[in-house]
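Under the heading domain 'Era-type G', TrEMBL lists 62-243. Annotation comment: TrEMBL describes 70-77 as region 'G1'. Residues annotated as region 'G2' in TrEMBL: 96-100. For 117-120, the entry in TrEMBL reads region 'G3'. Summarising the annotation, TrEMBL assigns region 'G4' to 186-189.
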Amino acid sequence: MFMILERNILRLSSRFLRFYSTHLEAADKVNSPKVSYYDDDDDDKIIDQSWDATRIRSENTKSLRIAILGLPNAGKSTLINQLIGRPVCAASSKVQTTRKNCNAIYVEDDTQLIFVDTPGLVTSCELKKYKLDDTFKTDVDKALKNTDIIGVLQDVSHKRATLINYRVLDVLKRIGEDIPVLLILNKIDKVKKKQELLKIVDTLTSEKGWSNFADIFMVSALKADGTDDLRKYLLESAKSRDWEYNHDTVSDESSETIIEQTVRAKFMDFMEQELPYLIKVETEHLGVLPDGSMQTVVAVASPNDRASKIVMGKGGGRVKTVAILAEQELCKIFNTSVKLKIAVKFLKDKNEEDKKINYKINKR
């Protein structure tokens, strides 16, 4: 209780430190109890391509599209996962886990929130270093189209926490005051002296930073601290209009893509340097059983034989660990039992044919 009170006091204090404040014109406050649409008995889908959103009339529904921007590894995907209640957006300790824009959807009562998870803002050098597509530079601009609110995520544990990166500022200057922008301070749990947060806010909202933030939020996305306040704010800011997605949809990505991104993210946590960015992950099989459970086979191909051995780990330990963790994550995403098998592909050797080793994770 004390921590919640302290955070609220800090947030209120930060508002007075700003040069001036503009506020969003919020929709009528939702008075009914908070109800999550996720239910263990629901036959949830990731996305229903045949569903027509216009069947739900705008007079009965509200929605809001939110783009989350920030530097690589600021915690964008982790924040969105906390806000929607499922780890739909792939997240890892490495930078550039998110490789393209993807939408994550949250529904509460008559309101739908659509979060656009964007790749971290990168330089040309980073594009080459991590073998990223050129679309990384244009994905941010695409994410801003038809966006109602922008959330700028700032890592307060970073040594340059008091500076808004020039890449973020370039985006803010391009949009001007056309779209409301929120300042979201992340990883506040890593700041021992909470008064330091006020100093950070003071600098970020000054002329040296960006003085046009509509509001400020302090969160720890990893620990779900402060995320309820942010979600409530967004729900109250929703606009009366048709929904874009079915009630049961939680992502605009296909099931296969989500599986591949989840497996890749787990490998990124267990491999060093650039190797995780070079492996290719592909869903070879995906089946849904009569009881709703899922079975999937994922192939992981590495650039050379030496890299394949690193992917495997000593005695196959690394791939086994990744398979277990990815399987657990997929169960949460799809809200059902998932059985995962990872196949590591070795490149051709002079004296032998292609090899493929499967590690089946037994049902727990």
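Residue numbering: from 1, along the chain as shown.
Glycine is no exception: its Cβ is also placed from the backbone N, Cα and C atoms.
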DSSP residue counts for the region 'G1' (70-77), split into helix, strand and coil: 2 helix, 0 strand, 6 coil
Average pLDDT across the region 'G1' (70-77), rounded to a whole number: 87
Structural state census, the region 'G4' (186-189) (DSSP three-state): 2 helix, 1 strand, 1 coil
